[in-house]
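Visitor: Before I ask anything, let me first share the structure, which is written out below as structure tokens.
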Amino acid sequence: MLRITIAQLNFTVGDIEGNVARMVAAAQQAAREQSDLIVFSELALCGYYPGDMLDEPPFLQRVQDGLAALQQASAELPSLHWVVGAPTPTTGPGKRLHNSLLVLQGGTVRLQYAKQLLPTYNIFDERRHFEPGPDVAKVLRIGSAQVGLLICEDGWNDHGADYATNPFERLRDAAPDLVISINASPSHVGKREQRHQIFGGSSRRHGLPILYVNQVGGHDQVVYDGASFAAEPEAGIVFEAPRFVEDVRTLRFDNGHFLTADGQAPARVPAEGLPTMEFYRQQILLGLKDYARRCGFRQVVVGSSGGIDSALTLALAAQALGPENVVGITMPSRYSSSGSVDDSVALCQNLGVQLHTHPIAELVAGYAQQFEGSFGQPLQGLPLENLQARIRGTVLMEYSNAFGHLLLTTGNKSEISVGYCTLYGDTNGGLGLIGDLYKTEVFALSRHVNEQAGRALIPQAIIDKEPSAELAPGQRDVDSLPPYPVLDEVLKLLIEGERLSAAEHLAAQAFVAQLQADDAGRALVQRVRIMVARNEYKRRQAPPILRVRPRAFGSGRQMPIAAKYV
Ligand SMILES: Nc1ncnc2c1ncn2[C@@H]1O[C@H](COP(=O)(O)OP(=O)(O)OC[C@H]2O[C@@H]([n+]3cccc(C(=O)O)c3)[C@H](O)[C@@H]2O)[C@@H](O)[C@H]1O
Ligand SMILES: Nc1ncnc2c1ncn2[C@@H]1O[C@H](COP(=O)(O)OP(=O)(O)OP(=O)(O)O)[C@@H](O)[C@H]1O
Ligand SMILES: NC(=O)CC[C@H](N)C(=O)O
């Protein structure tokens, strides 16, 4: 029988000293629980993913010092084995580092394993910094068990019998009793189920119990949900740690089975995870909390237009940080409807958020007038529309500068896709909460937030009103864009493509095929395609957004700007 402690922790990238302290505290808990083995996540020592910090000698020196501190701590708990993820120097040619797994015990490194498969797709770029490890299986006897070791991507390619491309093959040949996989696996909708399918499948195919340990926390645009789990060959997924929170707990591994610390069968793991909207909500809350905390912000400011995007952003921010840490600013102009102020007042009252009024009509008029000398006439048309958005963006940045609030930008994925936003205006901000949600999903998540609260936190009037930028008289989004239910299906196919769930993909494909049955539909799809391509320059200058889908704007979609698109 082996006692294993899962350390699903929220590490901060670069905070080696803080991460060491977290790991030591978890190891002390493990020792109290008489554990034989504690398992930390991939690159736990430096946090995942440190990017080009890995090129900096002082950073690598701190990593080395951190490892020395861990070794020393392991000497003080001699009966505990520590499975630790850390960068380590290579000895051969190529890149100077391996992405490694180390087993520490009694003050020494008992084993080192270098990750073999380095992901370089989507948001991952590990080959930029690391040399792949040799295709050797690493197995260590700990107590009564032979433990095989893998690192994240190593376990994602379990198809085909080629040793070089499938580390599972060689590991299976080494006949461990148990496989431990350490991970830094970002979450997006459907990811938990995908992990269960992949690792559950490998467990069954190779007849190997697998313990999968993930990190938790938000790192810039990427959020890790934790959700560490255990898989058995016959029973499937038998244990799952909670999502979006830290969790340090000890399991027993006895006769090929995972049991709770007191020897019971763990609670049943449901096949289905959180409903999509609740998943979005929790992912965004953790993403904002960790971004604000790590960057040293306590409070955020949001322009409150009385529209759905700013309303949802305010509601999520209030849930993540507490309403006392959220400030709304309503900035009526000549073209603002009375609802823009009244609905903002109702919203902020519901949320318990303070709302300041900062009218911009005079600022806009004065500013527009100033152009008469050089333009021969005051500003009008699109430049005047954008001026309003830019003045609002400037006002919001002044609040940010004056009070140290983080400005949250409110763009959704539909607008960001087609560039329906003003550069240096409503695109201002440090972080976007809903930038990976299509507009139709913004409505769905707003309804979900209300349902969950058991009351209309976001006033029904805001949910019911027709989307409008309110930058010109009577302006409506549908005058410039296809209706959102149409636009979103086209965008899903263009941007997410096969990364959509099977059901979403089928639905979008059928919808767009029907749309393209006539010339007008074909022209619409082509127009959207061109808008998406032409607006890459706006996205490149936009603030980071929290990722909730497999393909989010940012590092996961790298497109050229100055190219011929179609
Ligand atoms: N390839 C390229 N590389 C770098 N820069 C490039 C560029 N192409 C244009 N530009 C620059 O970008 C400028 C045009 O962009 P920009 O100034 O933003 O202006 P623009 O995209 O022309 O207009 C903004 C649009 O967004 C709508 N809007 C604004 C605000 C809020 C909302 C909403 O509902 O949320 C909608 C508004 O009604 C209007 O249709 C050009 O004047 C040029 O300076
Ligand atoms: N009158 C206003 N007062 C305060 N902020 C505003 C106002 N109008 C626009 N904004 C800010 O600019 C962002 C873009 O607003 P706009 O109304 O143009 O488009 P939108 O994408 O439909 O957003 P929303 O649904 O929040 O209205 C808003 O989310 C808000 O942060
Ligand atoms: N850190 C990694 O190797 C992550 C890659 C892996 N496929 C995942 O997304 O979970």
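Placed from the backbone N, Cα and C atoms, the Cβ positions cover glycine too.
Remember, predicted model here, so these are calculated numbers, not experimental data.
From TrEMBL, for reference:
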type	residues	note
ACT_SITE	Glu42	active site, proton acceptor
ACT_SITE	Lys115	active site, for glutaminase activity
ACT_SITE	Cys152	active site, nucleophile
BINDING	Tyr121, Ser185, Lys191	L-glutamine binding site
BINDING	Gly303, Ser304, Ser305, Gly306, Gly307, Ile308, Asp309, Ser310, Thr410	ATP binding site
BINDING	Asn386, Glu415, Lys538	deamido-NAD(+) binding site
Visitor: Looking at the recorded positions Glu42, Tyr121, Ser305, Gly307, whose Cα is closest in space to that of Asn386 (deamido-NAD(+) binding site)?
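Guide: Closest recorded candidate to Asn386 (deamido-NAD(+) binding site) by Cα: Ser305.
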Visitor: Of Cys152, Ser305, Asp309, Glu415, Lys538, which is closest to Tyr121 (L-glutamine binding site) if I measure between C-alpha atoms? They're all recorded positions.
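Guide: Checking each of Cys152, Ser305, Asp309, Glu415, Lys538 against Tyr121 (L-glutamine binding site), the shortest Cα distance is to Cys152.
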Visitor: Select, from Glu42, Tyr121, Cys152, Ser185, Lys191, Asn386, each of the recorded positions with a Cβ positioned under 6 A from at least one atom of ligand 2; if none does, say none.
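Guide: Qualifying residues: none.
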Visitor: List the recorded positions among Cys152, Asp309, Glu415 whose C-alpha is within 10 Å of the C-alpha of the residue listed as 'active site, for glutaminase activity', in sequence order, or say none.
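Guide: Those close enough are Cys152.
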Visitor: Just to verify a number: CA distance, Gly307 (ATP binding site) to the residue listed as 'active site, proton acceptor', in angstrom, no decimals.
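Guide: Cα-Cα, rounded: 41 Å.
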Visitor: Please list, in sequence order, every residue of the chain apart from Tyr121, Ser185, Lys191 whose Cβ lies within 8 Å of the Cβ centroid of the L-glutamine site.
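Guide: The answer, listed by sequence position, is Pro119, Asn122, Phe124, Trp156, Pro186, His188, Gln194, Pro550.
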Visitor: Measure from the Cα of Ser185 (L-glutamine binding site) to the Cα of every one of the recorded positions Glu42, Ser305, Glu415, then give the nearest.
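Guide: Nearest listed residue in space: Glu42.
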Visitor: Just to verify a number: CA distance, Cys152 (active site, nucleophile) to Glu42 (active site, proton acceptor), in angstrom, no decimals.
Guide: 7
Visitor: Which one is it: of the binding-site residues Ser185, Ser305, Asn386, Thr410, which Cβ has the fewest other Cβ atoms within 10 Å in this structure?
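Guide: Counting other Cβ atoms within 10 Å of each of the binding-site residues Ser185, Ser305, Asn386, Thr410 gives the minimum at Asn386.
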Visitor: Using CB atoms and a 10 A radius, I'd like the single residue among the recorded positions Lys115, Lys191, Lys538 with the highest neighbour count.
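Guide: Comparing the recorded positions Lys115, Lys191, Lys538, the most crowded Cβ belongs to Lys115.
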